[in-house]
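Q: I am attaching a structure below and will ask some questions about it afterwards.
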Amino acid sequence: MFLEEYDVIVVGAGHAGSEAAAAAANLGSKTLLVTMSLQNIAQMSCNPAMGGIAKGQIVREIDALGGYSGIVSDRTAIQFKMLNKSKGPAMWSPRVQSDRMRFAEEWRMMLEGTPNLDFYQEMVKGLIIENGKIKGIRTSLGVEIRSKSVVLTNGTFLNGLIHIGEKQFGGGRAGESAATGITEDLVKAGFEAGRMKTGTPPRVDGRSLDYSKMNEEKGDAKPDKFSYSDLTKPLTQQRSCYMTYTSLNVHDILREGFDRSPMFNGRIKSLGPRYCPSIEDKINRFADKERHQLFVEPEGWNTCEVYVNGFSTSLPEDIQFKALRSVAGFENVKFFRPGYAIEYDYFPPTQLKHTLETKLVEGLYFAGQINGTTGYEEAASQGLMAGINAHLKVHEKAPLILKRDEAYIGVLIDDLITKGTEEPYRMFTSRAEYRTLLRQDNADFRLTPMSFEIGLASEDRMRRMEHKLNESEKMVAFFKETSVTVAETNPILIEKESAPISQGDKMFKVFSRPQIELEDMLKFEKVDSYIKENNLDEEIVEQAVIQVKYSGYIEKERNNADKLNRLEEVKIPENFDYNKIKSMSIEAKQKLSKIRPVTISQASRISGVSPSDISVLLIYMGR
């Protein structure tokens, strides 16, 4: 049935698996995507949205590298918002509300249109490992499929266990079976496994809600999009979301079910996402809060199904229903399906290399929730990098490893490999020490050249990026070269409560003042004329303005990154014996021996390794 060997087999067709398969196939590897259900490719198992704080930056990075998530998100969006717009550009984060059904449909169409990609529907029960190398997979029907590399992207399906009140049953997602066999094979091969938990809220009938009792949350008046390509356009119409609140009465009703809650009666022992707690966890941990926000999110253009964001729960369904009926606007709510919690297997990511290849088995890669992360975007980015690196290894090419100053994806993977995680890991802007460099507006500058070099990003993408870069640099040069007069400048400065100038000055210096915004710059006739004469779009103008207003911060961060990157150049031999260093702490020796950092810089980020330990290590490395 499968007569030839594949270059890459991807197991699981969620967000990680879809990106992994697309990347490997687009790069030229003969790729097979294996899933338990071809009808459920790229499902949005939880909220119908992509992006958000730090996550939006990741989606733009995926797009800049030639992945599909940004394009699919744009084509299936029903609302766009740029979050944190009141803060500096390092914090701006794009987010879309998505049409859940169209999202999965669009992903499948994109994958079916990808050359070199085959599909197969069946459960993978085991792995073929020979002499420490992956050789293929074994399915539930006993079919063996050979491959030079395998990417595991199993999501919440590995021995998944669903909880609703006192009921529990096996499943990887509501209505779908759990996957068995893979964990057992990996543990037998020497891998360490653990358990994690996540949850999802009930879905309800939007026709049964009274939106007049809620606050309307509209999308941006001038919506943007994720993809840097010309394959998508910004939305011309949008659907609103709504916001309402729980109350003390709602909390009292929820507490009635605590004795039947798997979270409180000991049935669930694994840790859930710290930054996305269940509603019962919120009212238990924050008992002083009189109310909690609930976001009422439509699931698409042509459905009345609604996602109740903020009400994730594993309480009994009767308690869920009774509590929701006490929420303003939900008095007559009708349930489509209850919320639930799910426990699943994961593998501590310190067992991986920065390529996402496992240290134990050559050619085997992990991506997504199997690594202990939570979120579509985190999963998709790992899948993309695993797919890229699986292809590069099979074809004996150098790996693509993103540094912490190059991408949020680099921060994510480095955190996982270097620090590990004992609870579902989600990305935040605060995790990135170089977030002024890693903005959502410049992901193409940072990453498209790398992707183009390995053959993933198209020539059209590269040309578009170069045009944007050249034109924005020309505009910055124009600001530096062009002077403004006292007469045209001071009225604007006084209006903005900024100190007036006593003589003419360069635009760059005036515009770098924090009080001056883009609309103030456009009041200068020379600026307005320059933009019109050069036919510059908003993206180019915004990029130039950011370079002017934040040049000091950007330069400082770049210098700091360059200093630390010097330590990235100091390599540590693969089998270095840390136990021979007598002046190093025992904890440092243990951590370094377990994680096996590749560079001094990575070693310095490991918890329990002190600056003095690094100094000793540098001496041993001859520095």
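Cβ from N, Cα, C; glycine included.
In case it's useful when we look at the structure, here is the feature table from Swiss-Prot:
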type: BINDING; residues: Gly12, Ala13, Gly14, His15, Ala16, Gly17; note: FAD binding site
type: BINDING; residues: 272-286; note: NAD(+) binding site
Q: To the nearest Å, how far is the Cα of Lys282 (NAD(+) binding site) from the Cα of His15 (FAD binding site)?
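A: If we compare the Cα positions of Lys282 (NAD(+) binding site) and His15 (FAD binding site), the gap is 28 Å.
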Q: Distance between Gly272 (NAD(+) binding site) and Gly17 (FAD binding site) at the Cα atoms, whole Å?
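A: Approximately 22 Å lies between the Cα of Gly272 (NAD(+) binding site) and that of Gly17 (FAD binding site).
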Q: For Ser278, Asn284, listed as binding-site residues, tell me which one has the smallest number of other Cβ atoms within 10 Å.
A: Asn284
Q: Compared by Cα position, which of the binding-site residues Arg274, Cys276, Glu280, Phe286 is the closest one to His15 (FAD binding site)?
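A: Closest recorded candidate to His15 (FAD binding site) by Cα: Cys276.
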Q: Have a look at the binding-site residues Gly12, Ala13, Ala16, Gly17 and say which one has the shortest Cα distance to Cys276 (NAD(+) binding site).
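A: Nearest listed residue in space: Ala16.
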Q: Looking at the binding-site residues Ala13, Ala16, which one has the fewest other Cβ atoms within 10 Å of its own Cβ?
A: Ala13
Q: Looking only at Cβ atoms, how many others are within 10 Å of the one on His15 (FAD binding site)?
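A: Excluding its own Cβ, the number within 10 Å is 34.
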Q: Comparing the binding-site residues Arg274, Lys282, which residue's C-beta has the most other C-beta atoms within 10 angstroms in this structure?
A: Lys282
